[in-house]
Amino acid sequence: MSPTRQSSEAMLQALRSQVNADPHHAQARALWTIEDSEELYRIHGWGEPYFSINAAGHVMVAPKGDRGGSLDLYDLVTALKQRNLGLPILIRFSDILEDRIERLNACFAKAIARYRYSGVYRGVFPVKCNQQRHLVEDLVRFGQPHRFGLEAGSKPELLIALATLDNPGALLICNGYKDREYVETAMLSQRLGHTPIIVLEQLEEVPLVIEASRRLNIRPILGVRAKLSSKGIGRWGGSAGDRAKFGLAIPEVLSAVEQLKAADMLDCLQLLHFHIGSQISAISVIKDALREACQIYVELSELGAQMGYLDVGGGLGVDYDGSKTNFSASKNYSIQNYANDVVAEVQEACSARNLPVPTLISESGRAIASHQSVLVFDVLGTSDRPGLEAIEPPTEDDHALLRELYDTYAHVTIKNYQEAYHDAVQFKDEAISLFNFGYLSLTERAKVERLYWACCRRILELVRHEEYVPDDLEDLDKNLASIYYINLSVFQSMPDAWAIDQLFPIMPIHRLDEEPTNRATLADLTCDSDGKIEQFIDLRDVKSVLELHPLKEQEPYYLGLFLGGAYQEIMGNLHNLFGDTNTVHIHMTPKGYQIEHVVKGDTMTEVLSYVQYDSEDLIENIRRRSEYALQDGKITIQEAQLLLQHYEHSLNHYTYLSTD
Ligand SMILES: *Cc1c(COP(=O)(O)O)cnc(C)c1O
């Protein structure tokens, strides 16, 4: 490094720490750039090509990906609020959905051309991933050029698929547990021009299908779901393997073949299906499964089934942390790699046996639906950050313990910080014992605790830049973080963050040209201590705090949760009776954007009706009580009016807090 470079670097460093000491210093803005925010929140890693940061320091959305057109997310939220759509709000970008479908199909088309595969790809969308009507309708429309179909995993989903799918040539894959009505409904839909494929998941379904076919005189297309012995990976690894919940083990597959043959229906068996779990983070796992499935496929052909379809299930991953690794929140392959491997593997297995290649099907849900929605929510307030108050040196009158602790605090260095930390912990524990026995006043205890946190903060500042941090200090960051209270229910809007520790990218959608000087964890509106977020994406592993900006007076602070478009909506629950959020659909037009649908979130009347309360009865009850209280002179008429007004207004409004 040249001497001039070094000195300017040192100057910058000095300036930075000076500025950091005063986050409101005007120069904080000048030194922090949007590039710093890009790197900090890793938006390129997980967001490309849809999300980025613009010169104003706001998140930009390019719903058509590389094909042009973008909007400022902060401005959009402001515009929605002007239309009386309060936060939290779920914003769906239908163009992103279209782009995902285009991308998946383009990757398969490219792979098919590259390997001169003589078959075609006919993807299907697993409805369970997001059943919302507007989304499924969009999906069917966008899928038309590709004959993209739907996959149903239950009877209600079958009903959606039957009524919504209208792409000639698109497939309707019928998975899940089936009864006679399910099977007959699927078969009869052939008469409407659908191409249902009934996938046998349980041996009991074989006689069911044979009888239905005879009764209705319809020859169905059948598939079998094989229980592969190739193991999945990660959270959903148990979807494959001998103990998997679904699918036929190999002896059962053979039994199904025998039964179909005896019923003269072996020609109906045309599809092999497997699904090794969701969010497969390693491409090697997919390849192993493919190899096994291809062998089963060719063997079934040789047994006389008229095989023509291979359905590789779901599992195509989403890179939530943008690290491109085989970490559970990431994936070490692209959609193109995935398509190439599927096509090449099947091609090779079929040509080795001189068999015609099948139509390829994938049931990618997460990879199609995750990116299209963004949940924007506001911060209601923050807790004090411990250890930031000014510390006065103790006087002669202070307790000896306090003086000793101050001594530790005053002499923390990079050499002794670990020892200093243990001393501080011990002093604090002693203080609590003394307090419990009545030897320390409440004021003294408060002083000790304040000093303890100041000491921890000093240690944290020292170790933050160290390569190696001793295990016992790892929680310091979290313990010293602020808590940001968010206008949201984790249980309703990101249930997987609670249930299975799933990571989603979360970041401010504005002020990205300002340094986020606070480190925070998030706490939601519910009265449940699980309703919090304390794990955030990071390049390596996860981090326990998120860098956020200090709140400004009279200015809202908006955070965005990204990549949550799959599974979260339907799995969300009504814990504490926080209902569905407001939802809008945004579609890009040559002039900008257009709000296509507005789905208002639940009102209190609605959530209360889910638990069998009738709002009229509730109001009547309050009215009656007010009258009694009036008679007894316990309430004034004005107070009674105000109470009833609030009560009725609440019933007709959003379950979340209003900050306007
Ligand atoms: C859930 C599921 C899918 C979708 O999986 P993704 O990982 O979201 O792509 C596909 N097929 C079956 C049978 C499923 O159960």
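Along the chain as shown, the residues are counted starting at 1.
Using the three backbone atoms N, Cα and C, a Cβ is placed for every residue, glycine included.
Note that TrEMBL annotation is computational and uncurated.
Annotated in TrEMBL:
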- 121-369: domain 'Orn/DAP/Arg decarboxylase 2 N-terminal' (DOMAIN)
- Lys128: N6-(pyridoxal phosphate)lysine (MOD_RES)
- Leu310, Asp311, Val312, Gly313, Gly314, Gly315, Leu316, Gly317, Val318, Asp319, Tyr320: substrate binding site (BINDING)
- 396-477: domain 'Arginine decarboxylase helical bundle' (DOMAIN)
- Cys527: active site, proton donor (ACT_SITE)
- 604-657: domain 'Arginine decarboxylase C-terminal helical' (DOMAIN)
Statement: Cβ atoms other than its own within 10 Å of the Cβ of Val318 (substrate binding site), all chains, total 23
- line: Rounded Cα distance, in Å, between Val318 (substrate binding site) and Lys128 (N6-(pyridoxal phosphate)lysine) is 17
Message: For Leu310, Val312, Leu316, Cys527, listed as recorded positions, tell me which one has the smallest number of other Cβ atoms within 10 Å.
response: Cys527
- prompt: Got a sec? Which of Leu310, Gly314, Val318, Tyr320, Cys527, the recorded positions, have CB under 6 Å of any ligand 1 atom?
  reply: Gly314
Task: Note down the number of other Cβ atoms within 10 Å of the Cβ of Gly314 (substrate binding site), including every protein chain shown.
output: 27
- prompt: Going along the chain, which residues six or more apart from the residue listed as 'N6-(pyridoxal phosphate)lysine' have their CB under 8 A from its CB?
  reply: Gly153, Ser154, Glu157, Gly365, Tyr567, Ile570
Message: Return only the integer: C-alpha distance in Å from Tyr320 (substrate binding site) to Cys527 (active site, proton donor).
response: 28
- prompt: Counting by DSSP, what is the helix, strand and coil composition of the domain 'Arginine decarboxylase helical bundle' (396-477)?
  reply: 58 helix, 0 strand, 24 coil
Query: What mean pLDDT score does the domain 'Arginine decarboxylase helical bundle' (396-477) have in the model?
result: 92
- prompt: Taking DSSP three-state, what's Lys128 (N6-(pyridoxal phosphate)lysine) in: helix, strand or coil?
  reply: helix
Statement: Tyr320 (substrate binding site), Cβ-centred 10 Å count of other Cβ atoms over all protein chains shown, is 25
- prompt: Out of Leu310, Val312, Leu316, which of these binding-site residues is nearest Cys527 (active site, proton donor) by C-alpha distance?
  reply: Leu316
